[in-house]
Every structure is written in C-alpha cells, then in structure tokens.
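Q: To start, I am sharing the structure in question, which I have written as structure tokens.
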Amino acid sequence: MLEHVVWKPVPGNQSYAFKFNVDEAGYAVMVTDMHHIWSCECRDQDDLRDAMHTYARAFEPNGVKAVMNRLKASLLTLDGTDPTHFSVYTSPHDPARLLLEAHRITSGLTFKWHFECRITNEKHLHYTHVAAPHMLMLDEYERRIKVLATVIKSRDHKIRNLSDGSTIPHAPRLAVFSLDEFDKEQDQVFINSLRDMTFDTYTHQFLGNKKHENMYKLASKVIFPDAETDPEPTDETQVTESAQRAAQTLDLTGIASPNYLLSGSSNAGLTQQAGEQGLSKEELKERKRQEELARRELCEDYLSQKPTPKKKRKLFK
C-alpha cells in the first residue's frame with residue numbers, strides 16, 4: 001500500500017519523515033527517523049468511528065468517509081505555508097511507541113488526528129522503503145551526470161568550431177537544451193533498466209562502485225566522528241605507501257582527493273600540515289598532487305578488470 005509513496009519531511013520536525021495513504025476506507029502511515037520505522041494502519045470502520053469521536057467530534061456528523069477525505073486533503077496539500085501543523089511525541093520509557101499528531105483550523109473549527117504508531121521489527125521494511133530506493137537513486141543520478149557531461153562536451157566542441165576562423169557558412173544553430181525533456185528521456189531509460197535488474201547484479205554494481213565506496217567513507221566520518229581512524233603517515237615513504245593503498249578504494253574523480261580536501265582547508269591548516277612534515281606549502285601541495293595521480297592510475301587499472309556478475313532472481317517485478 002505504501003510501496004510507491006514518497007517520503008516527506010514532517011513539517012516542524014525535520015528529524016522525521018513520513019509517508020501515508022488515506023482513502024475513504026481508512027489510512028496507513030509510516031514514520032522514520034532513518035534509524036527506525038514506526039507504522040500504523042486503520043481500516044476497521046468501528047475503530048475509525050471511535051477515533052473520529054475522540055479527535056474530530058465536531059466533524060462526526062459528516063461521517064467517516066467525509067472525515068477521511070478531509071484528512072487526505074490536509075496531508076496532500078502540505079507546503080511551507082499550509083495551516084496543517086504536526087507534532088511528534090516519543091517516550092524514553094516506551095521507544096516502541098510514536099505519536100504523530102496533525103491538526104489545523106478549518107471553517108473556524110479545530111480538526112486534528114492522532115496516528116498512534118508502533119515500531120516495526122520487520123527489517124526488510126528499512127531496505128525496501130529507505131535503503132534500496134535511495135541506492136537506486138544515487139546510482140541513477142551518477143549515470144545522468146555522465147550523460148550530461150557527454151552532452152556538454154559535444155556542445156562545447158560545436159561552439160568552438162563555430163567561433164574559430166574556419167566556421168562553415170550557414171552552419172545550423174544549436175538546438176536549445178531542455179532539462180525537462182532530458183529528464184523525461186532519462187526517466188524512461190531508468191525504467192527500462194530496472195525491468196531486467198536482479199538483486200545480485202545490482203548489489204555488485206552498487207557496492208563495487210569505487211565512487212560509492214569513497215562517498216561512504218566520507219559520510220561515515222560524519223556519522224561516526226569519534227571512531228578510530230588509521231594514523232597519519234609521518235615520512236615520505238609512508239605517505240607514498242598510504243596513497244597506493246588508498247588508490248584501490250578511492251574515487252577517480254577526486255571527490256575525496258587531497259586536492260579537494262585541501263581546497264576547503266584554511267591557509268593556517270595547510271601551513272600547520274606542512275610544518276609538521278618539514279615541508280613548504282608548495283611542496284606539500286605537489287606531494288598531494290602526486291598522490292592523486294597514483295590513485296587515478298591504480299583505480300583505472302582496477303576498474304578495467306571489473307568482473308561481470310551473473311544474473312539471478314529478480315529484485316523488482
């Protein structure tokens with residue numbers, strides 16, 4: 001019921017996200033803080049009438065269907081100016097319970113509803129509703145960036161040809177690039193690629209991507225700031241060996257390369273690093289550049305030997 005519903009941040013409480021399905025027969029709601037998932041569902045007409053009597057008594061004469069339609073309209077029109085307000089309540093004594101309260105003033109009357117959610121122990125829900133969709137999205141965005149880079153390179157080449165002295169007379173004008181049209185076209189490519197995707201091929205493709213590994217390492221440093229890390233090398237030999245080992249797991253594009261990290265460092269921090277290693281700032285930058293080149297060479301060798309996994313059972317039907 002909620003498989004194709006997108007997550008939305010809970011207005012007023014950005015620590016939580018929720019998805020919902022409301023119709024005349026009842027509702028289903030799922031809430032997550034990215035650590036746990038709480039859910040609730042109510043399809044029994046007697047339970048709905050009891051809840052309506054408790055939370056929306058002023059609207060009780062309208063009946064269950066009318067109240068559910070009003071609740072659905074309140075949830076579907078959420079934006080920064082919407083009058084629907086949300087509150088999230090949890091208890092340290094009962095972490096398995098979460099209360100999501102929605103309320104708004106409509107026609108001079110207060111309309112509110114409580115979603116009493118319980119934590120779910122079904123581990124696959126976190127994979128199917130949170131992890132897997134975002135993994136697919138990340139992989140797809142990376143593919144689209146590569147396609148866009150090709151388009152930009154091609155157009156740049158045409159522009160250079162038109163701007164030099166050897167321009168062909170009456171050359172056709174470049175078509176206006178439409179991002180909306182590009183997205184529509186790539187959406188169809190994405191849909192077609194999912195039809196033949198299997199669990200084993202996708203997992204290998206995603207987890208075996210060096211760029212994803214590198215991003216994971218950078219993200220984990222934010223999520224686990226107090227975790228122990230490898231000690232910094234102290235001499236030139238150790239620096240070179242460390243760079244060669246890291247090249248087997250780091251990104252080709254240099255997203256976490258020394259040059260990238262240094263670009264966000266202050267001059268004071270750079271001076272301190274250089275002083276600790278007995279180098280000038282220029283020498284330290286040159287060393288970092290050489291390390292980056294070593295990473296790229298080893299990564300290119302590794303990726304050129306990437307194995308092709310076998311297809312097994314379907315991930316999506």
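Quick reminder: no glycine exception, Cβ is built from N, Cα and C everywhere.
Curation does not apply to TrEMBL; its annotations are automatic.
Predicted, not measured: the structure shown is a model, and the values here were computed from it.
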Q: Tell me which range among 78-97, 298-317 TrEMBL lists as region 'Disordered'.
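A: That would be 298-317, per the region 'Disordered' entry in TrEMBL.
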Q: Under DSSP, the compositional bias 'Basic and acidic residues' (279-291) has how many residues in helix, strand and coil?
A: 11 helix, 0 strand, 2 coil
